[in-house]
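Inspection log for the structure reproduced underneath, given as structure tokens.
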């Protein structure tokens, strides 16, 4: 212990030390300014902490905004499923009364709700998006929605508008409708009409049109007919157009009618298939486990959770392959990297520097260049095969297949990830004093014993650090497997990329990504339990 | 009916806005074009961008080579509320998806695009190639096969039928096929004896799918699967494969510009379309510039000009006579080449893509 340069007892200003001396044994220990020492310390520490936090704040906020938040948002997509209830709110509500196990398509009420929902969705162009979403669950939904979307504006329900207009031409007048629909109490008298009217307003708002100048769409008249035919109590309404409404209510009994369900069946007979409605019902909650189930080769059906048909099971196999190959690559990196790192750390500085540059040079070269170079080297008409044939080791007709399979991925990725193994190993080995080995040998150990019993255990933290780096990098690798992996050497990350950029099934991609993240975290935890994370050293 | 009218009014407003902006000089002076890079983008630079730039020297044209991920990126831009692209070159199936998702603007072809020189309105000039309301067709391309002409084992024979790809006895050697079900399943069924017009009906059934995969099984261990258009030309040039599928323009480049011993096999080429879309929700000045550019870049002469630089067929009927003679034999639409063709079935694949892709991937992994 060093003696302090200034003796506290000779200093002018009070120090916490003085306070200790002053109040020895009398009540709580207080600092020089009279506050309890504990509080004073805490304050001082808090200030320290705040200052530290202030210093890291820019980075922290940057990481939160640009890294954590997008990842959290992406992960959230793996369960999010609001599109069905948002696009078809009335249908989802009406389907609650329908039982899938009845084996029959729902009745007219559901179709009427669906008619309004779909009409709005078509006008706002959201029906195809919903079709794409549901197509993930049942093949054919995409074209079913697109086809029906084209027809829904041409349903025979236009007879209602004509029949109402025949009673009173004012029914075709947007302004008269506006007046009536904005009167208080109309929702309780004509619930379906009022709801359809809201859809109509949203459609017009989207188009930038004035509802007072447009005749409402057929679906509004259809809902008005349904409300009146159900025996709406029009006498309870006495706002604008009450007479017109009362006259219409008296006349609807004689109206020519059209079944909405039949209109849909005419547009596409699949609407009579209970499976279609079962899928809509199953995926109507705002959150769904469907994507996670799909990510492990299961699927959510109206009957419950089922296995994917065998010819569509790929994800579990891909996860296993990714883990297995990442382990092999990590192992290969240890085998190849250990001797190199040992050489680096034991050679004289001048030689080891040159060797270091050789290790780092590929590290500085573009990943794509290195991967493409491996393509040239490994292909069947490539350099390695040519040399082997020239040496007579391989027959020209049976050239080795070294690329577009697992071998290609393992070779190329081992090469690419090797520096991540060598560098931590090197920095750990550098700290092992050479005298330990000499001591071991002078005490009679053989070369091997000295290495295995003395040197190797000290280099384990380097292996640990390198393995974690290489393994975690490998498990999420994308571009190299894509280029040299062919069909048997691709990873789960290639599928994630496919779903992000090609199939646009972001929910499934998010679920796959979440599982991958979970697997890495579990492995990290296991590693900590078995090896101990304190035993990892990056230098 | 109602919808048509609404649509027309919307289009008219857009046009009116654009015309207003144009007449008041409110066009943006920056134009971001998105395309595929490579020889194809070069042909667009020469045929469209350079002449346009000559007419409007103040306009700065920026190219982005992101067409392959256009749908995903536009979706992300839309969610972020910041669309940085003005005109985007996409394949027809992507245009349909963008239109479906409301990410691309609906186009009134007759009002927004130039009529043919004889006055035929654009919608007639493009005809059936307008596969989506948002799509402005540009070129017709095809996915077809190229084969090496110097394969000793073939004993002087050359493939002239797409089914020769499945014939390992007469034409041994490695093949390259695209790593996706589209096209491959159609060819497999066709070569398994299914009539061309029945292919999609058969492919809809489980048995039909199994049949297509069984046919592909017969050559599976001889196939290298590609995912980038440049792969097959490279593999053919290196002699890694003896026959392989890719886009016809890539093979043209390999044969004519790189002078490789490769020939085209046009039988059962699959026609597909490529064209422009304009993202939804552009500010008025940028929209005006985008529309102005598209009007110019898709007129009869400009489309024919592009065919000078790359062997893709112009999408306008009126452009066909203007294509230079030396390019005609390389066009997928040339009568000599188009004796037996298949048109990509967009709607069918929109339904079956996810399903069959999962099956295809599982089959590949087996």
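Backbone N, Cα and C atoms are what each Cβ position is placed from, and that goes for glycine too.
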Checklist entry - Which one of A:391-409, A:410-428, A:429-447 shows up in TrEMBL as transmembrane segment? => result A:410-428
Checklist entry - Of A:275-293, A:294-312, A:351-369, which range does TrEMBL call transmembrane segment? => result A:351-369
Item to check | Selection from A:52-72, A:351-369, A:410-428, A:506-527, the stretch that has most Cβ pairs under 8 A to the transmembrane segment (A:460-479) | outcome: A:410-428
Item to check | Sequence-remote partners of the transmembrane segment (A:52-72) [C-beta within less than 8 Å, at least six residues beyond its ends] | outcome: none
Checklist entry - Do any residues of this chain, six or more beyond the ends of the transmembrane segment (A:351-369), have a C-beta under 8 angstroms from a C-beta of it, and if so which? => result 340, 343-345, 415-416, 418-419, 422-423, 426, 479-480, 483
